[in-house]
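Participant: Sharing a structure, written as structure tokens. Questions coming.
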Amino acid sequence: MFSSSSRPSKEPLLFDIRLRNLDNDVLLIKGPPDEASSVLLSGTIVLSITEPIQIKSLALRLFGRLRLNIPTVLQTVHGPHKRYSKFERNIYSHFWDDFNIKSYFQNLYDNHNNGKITISSKSSTNLAALPKRKRALSTASLISSNGQTSASKNYHTLVKGNYEFPFSAIIPGSLVESVEGLPNAAVTYALEATIERPKQPDLICKKHLRVIRTLAIDAVELSETVSVDNSWPEKVDYTISIPTKAIAIGSSTMINILIVPILKGLKLGPVRISLVENSQYCGSYGGVINQERMVAKLKLKDPLKHVAQIKKKRSLNEAADEGVDTDTGEFQDKWEVRALLNIPASLTKCSQDCRILSNIKVRHKIKFTISLLNPDGHISELRAALPVQLFISPFVPVNVKTSDVIERTLKTFGPSYQVTSQHDNSFSSKNFVDDSEEDVIFQRSASALQLSSMPTIVSGSTLNINSTDAEATAVADTTMVTSLMVPPNYGNHVYDRVYGEVTNEDETSASASSSAVESQAIHNIQNLYISDSNNSNNPILAPNPQIKIEDDSLNNCDSRGDSVNNSNLNLVNSNLTISENWNNNSPSANRYNNIINAGLNSPSLTPSFAHLSRRNSYSRQTSSTSLKNDLELTDLSRVPSYDKAMKSDMIGEDLPPAYPEEELGVQENKKIELERPQILHHKSTSSLLPLPGSSKSSNNLKRSSSRTHLSHSPLPRNNSGSSVSLQQLARNNTDSSFNLNLSFTSAKSSTGSRHFPFNMTTSFTSNSSSKNNSHFDKTDSTSDANKPREEENYTSATHNRRSRSSSVRSNNSNSPLRQGTGSFANLMEMFTKRDRS
């Protein structure tokens, strides 16, 4: 019994809110606010206590808040100062009713009390002895600390144990999304559970919830190409384009620049590309505050080597001495530049495009600055911009702030002063967060490992567009990243190759065991790059742009085999290694080389038949260097921390359930025997003729006759009633007379056997005439004295049949049917006459 004392009660060991079916507490909404469907939010409130505690109520609510840190520049005596004012607004709230929790409390002690806690009151009646119906109808709680019922106190006592309180709610699809990456602005959601206790402080548990809105699979932005076409009069015509308007945070986009020079002697200089975020926010009063920040940037110092050519001319002073143009370079009618721009995978460095009510608006655009080197020496700049849309994709892992960092950052919002400078860009420096204090969301997606192993280009690095391998790698990576965001194009299913067509006709058939291993190895080898940027000095692994790989060329397979075999490619998913001792002339080696070369074809933006496969749009190739760094044995064997283990999960395919072998063995041994019901009306009597002298057949006939009263159950077949030829019956019957044992199954009769000779009229009813019965009684007494029994183990039914047959033979010794005993025609004629009579 919980006793009231001056000492404070112990705090619960565990008081937490756990959400179900959510990755890192992320509530994903697909589609725009006016089209998105509702989502289910469910979970449990977990409570673990070591001693009884008293609670009044348990409340749960979900609320969302918008917070702004609005700067205002003030002119003072000491100069301009920037003052920050806090703006806060509740944008969503949902309260769970306590009725379900109270009903849960009423049933707690039926499950957990076990009679350990008693109550003493004026009456000697214990609550445990009360009828169950009375306890259910009572609105009072359970136990009071002072020995009285808690009807007047209105609180509950929870005994030692673990408790789970489930909850669920339907969240509308128009819910405002979370914004955590903007400086001086934030939209956050939280679940708050409160346990109200008498005479003690309340217990409060908060759970940070992220509401992320992503694009629907049919969004136009995922397949819409954005481009700008314009001309600089008497200088250049240019076209700048990107494949899709929507770009996922943490992915990359390919930038295509096409310039047609008009002025003679014009050269291409450095190209600078930057991704700029423009955000606007305002409070209930004042104007709109604009702020910009650089999200990503890329600089191509000399994409076409024009700057190097000019420096070479100046070093030789050819233009200054001779005064003529001695340019021996090839004339180019157009300049093509391709660059891969990486978007940082962090919501602290950029935010998604959004519009939160009338308070926050975020947009992005890519700015281009192209330098043009004129013949007279001065530099002209071509500037352009493309609007893009950044969104959060569930297929790409993204770094986010932890809940502690978010709370710490929001506390800094409010009145503060800061001295402004000329280079101030309206950013509050106190809002920047260390990169080490970040968490990862969507890391359980199957593409997380693939994107982490993608070879990327660091911002600010130079892309050598003249290198064929660098260009092919950039194009391939962009195509692969884009395919993760865009749904598959089902119109291209005509290019699918049947798996059986991969093998060659000339190769010999391998064993079944080796073919399974080879198929797995082929799939793994296709996912590896031979070229390695870190091992470019190695002649084996160095990329060779002169080698052309084709599916139909067997010579290329042979020439490529040495470099592939000597590279000792370690397969990721299998323990197969291609060694140097592998014979290239063997059929297996040729098959491997063919598949390796087919998988290493440089993919392009348009599909070709050289590298078609049945891989879906989410599959992509990975580099061997990244896989080597990401899948080290030491990293895989390292035991993760508890928090990381709770937030991470193994990446793999769902497998069917594995059933115990014992149960399978028992089920296999139990064979279901299906019995065919016995035919009620037999068209032929040959199948019912028993073999003479068979005691087993008579026993079976008795067994079958005893089952005829079960009219609704299927009757088993009589195995002894097999077809017997008339010749065998003739051989067994020496007196040219036949004894037939016909079994007729009828609903009117419980007897299934009738005994009669061929030359007498049968009675198909169960009641025979008294005259026939007396006749058989007389003949039985005479025939038993004249004919001895052949076997001692004959049953009484067999004895009666033989005695009846002998009496009939004695009475019909002069019958004309005896003359044609073995004739089938005479037999049928006898049956016809018998039926007519």
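FYI, residue positions are counted from 1 along the chain as it appears here.
Each residue, glycine too, has its Cβ placed from N, Cα and C.
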Participant: In Swiss-Prot, which of 243-246, 291-294, 487-490, 747-750 is labelled motif 'PY-motif'?
Facilitator: 487-490
Participant: Can you tell which of SER48, SER141, SER284 Swiss-Prot marks as phosphoserine?
Facilitator: SER141
Participant: Ranges 84-87, 280-283, 656-659: which does Swiss-Prot label motif 'PY-motif'?
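Facilitator: Spelled out, Swiss-Prot records motif 'PY-motif' over residues 656-659, not the other listed ranges.
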Participant: From SER37, SER608, SER684, SER725, name the one Swiss-Prot lists as phosphoserine.
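Facilitator: Checked Swiss-Prot: the phosphoserine annotation sits on SER725.
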Participant: What number of additional C-beta atoms lies within 10 angstroms of the C-beta atom of LYS401 (ubiquitin cross-link)?
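Facilitator: The answer is 21 other Cβ atoms.
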